[in-house]
Amino acid sequence: MRNKICEELNKSDIGKEVNLCGWVDRRRDHGGVIFIDLRDHSGFMQITINPEDGETLFKQAEILRNETVIMVNGIVNERPKDSINKNIITGELELKVQDLQILNQIKNNLPFPVSVHDYENTKEELRLKYRYLDIRRGKLLENLKTRHKIIKAIRNYLDNSGFTEVETPLLTKSTPEGARDFLVPARLSNGDFFALPQSPQLFKQLLMVGGLDKYYQIAKCFRDEDLRADRQPEFTQLDIEMSFVSEEEIIAFNEKLIKHIWKNVLNINLNEDFPRMSWQEAMDNYGTDRPDTRYGMLLKNLGEILGNIGFNIFTKAIQMGGAIKSITIKNGNSSISNVRIKPGGDIFKVAQEAGAGGLAFIRVKGDELETIGAIKNNLNKDHISNILKITEAEDGDLILLGAGSTKIVNQSLDRVRQYIAKDLNLLENQKAQSQWNFLWITDFPMFEMNEEEKRFEALHHPFCSPKNVKFEDKKELTKKIETSTAYAYDLVLNGLELGGGSLRIHQAEMQKEVLRTVGLTDHQIDEKFGFLIEALEMGAPPHGGIAFGLDRITMLILGVDSIRETIAFPKNQQAKCLLTNAPSNVSKSQLKELDIEITIDE
């Protein structure tokens, strides 16, 4: 049908006859001549139709509506100088049409304009419902092309590094990995269910047992969890696993991979080594294991100074094994009012939503500290001097304080820190926006305490190899459970986790001991992970790997706010596909075939 696409045309095509196909982006009548901007996936080409070209042809062109699908045949001409459009690649050319065929008319008025000339901010619900039109608008189409470039760069790099791409099953066994599984009824085994994989974790480990050595996969994964701007119920991850490697080798290799992606997609050279920070250091200084290091306001520990001044909230926090921490907002006295910090204020609400009861504050005015009487009346000169020294606060600065359990204090001050950074436009200056602050977080704890259930849970997952616990002394794991760290690592970029991985446990007895530690009985271990334990008993090599969130990498490279802008057909924040109305009811006959009966609580 076509022998050229729009943006292939250049001055060497002048005088040549070509066929083009695409959509009518817009039609204009000027002095009896019809000008049509023809749009295809590559770009635009102006086509012209004169009355003297034929009555039938001219009448066809007169009735064309935007988004009509057409094919045109004509001669490429140079545009008159006064009509050159420097905003498009073909802006010096036009096509004088000899023949026009309408391939498809639009039936009704479109739900929103598609042409870039009529582009408007359209509600996301409408964009998701008519996603094919949204793609046709161009911006989303370019996002998908960038995603393709990222995947291509990944495949080229890993293929050249000796990796083998292997597909792992999508219908698998339900195993506890943190989030809820999506379950699929098994018709041939009534009463049993498959689960869609939350990750290919166990299968890629089994591939290492099988001697594959280096594996990767662009893997679809599924998690039935509450959604955020950077979460989807089905998502794509780059999954990598390697045999006979150290933690250092995995980190170094994947750092080179990330640098390769940034160079090939953005033409950005990331020459410096990515810095590293222990999990404990991140929690102490930022209150989170995925810190945004583009700006300051680090958390400072004031427990030793304020824990014994007689202020009840502070005293109780320390007595209960908690913390008193602060962040310092430079020139905060002039930019943040008391109303915003007190109950009902926006900053107070941010802390409250993160679990805090509230915030205390100290305003630095010269050598004096201004705060509530219950705090100020108990501060002596040494207290004031030490507070200023630790917080690095100066005249005009505002100190915000949180007190309570260490987890809540970290969590709330982290959220407040992020909120204030946006509120004060700390990331709006060009330097901050252009920064790619990659950071490896290492030395994660093996376990964390589930306070509600009073039991330990694996912080990453229960297949991470513990540090400094020899196979022969595996009982040390139980004895030192609260201080055990793992060969686990995350890569963080500008406050978002790009990926995470670990060295895996490759000895069966050690794996069983870890699973017992997270509360599984030997019977449950055999029932849920017996196939893995058996494989580890058959000569499993030392191995480890990492998984990167491909949707999130694409989101950051594109500079968009939601991973929905990187996916062709995403779900909304209620995990629904507005295009197909999935999920939806199924027929009674389908349910009967599966021996499933649905009851809905009133």
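Cβ atoms are placed via backbone N, Cα and C, with glycine included.
According to Swiss-Prot, the protein has these features:
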- HIS30: site 'Important for tRNA non-discrimination' (SITE)
- GLU177, ARG223, HIS460, ARG504: L-aspartate binding site (BINDING)
- 201-204: region 'Aspartate' (REGION)
- ARG223, ASP224, GLU225, GLN232, GLU497, GLY549, LEU550, ASP551, ARG552: ATP binding site (BINDING)
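Under DSSP, LEU550 (ATP binding site) is assigned to a helix (H, G or I) in the three-state scheme. Looking just at the region 'Aspartate' (201-204), the mean pLDDT is 96.
Least crowded of the binding-site residues (GLU225, GLU497), judged by neighbouring Cβ atoms within 10 Å of its own Cβ: GLU225. Counting other CB atoms no more than 10 Å from each candidate's CB, the recorded positions HIS30, HIS460, ARG504, ARG552 peak at ARG504. In this structure, the C-alpha atom of ARG504 (L-aspartate binding site) lies 20 angstrom from that of GLU497 (ATP binding site). Separation of the C-alpha atoms of HIS30 (site 'Important for tRNA non-discrimination') and GLU225 (ATP binding site): 56 Å, rounded to the nearest whole number. DSSP labels the residues of the region 'Aspartate' (201-204) in these numbers: 4 helix, 0 strand, 0 coil. Counting only same-chain residues at least 6 apart in sequence, those with a Cβ under 8 Å from the Cβ of LEU550 (ATP binding site) are ARG147, ILE150, ILE151, ILE218, PHE235, THR236, GLN237, LEU238. If you measure from the Cα atom of ARG552 (ATP binding site) to that of HIS460 (L-aspartate binding site), you get 19 Å. A distance of 17 Å separates the Cα atom of ARG223 (L-aspartate binding site) from that of GLU497 (ATP binding site). Geometry remark: GLU497 (ATP binding site) versus HIS460 (L-aspartate binding site), CA distance 13 Å.
Largest Cα-Cα distance over the residues recorded as binding ATP, namely ARG223, ASP224, GLU225, GLN232, GLU497, GLY549, LEU550, ASP551, ARG552, equals 19 Å. In the three-state DSSP scheme, HIS460 (L-aspartate binding site) is classed as coil.
When the alpha carbons of HIS460 (L-aspartate binding site) and GLU225 (ATP binding site) are compared, the span between them is 17 angstrom.
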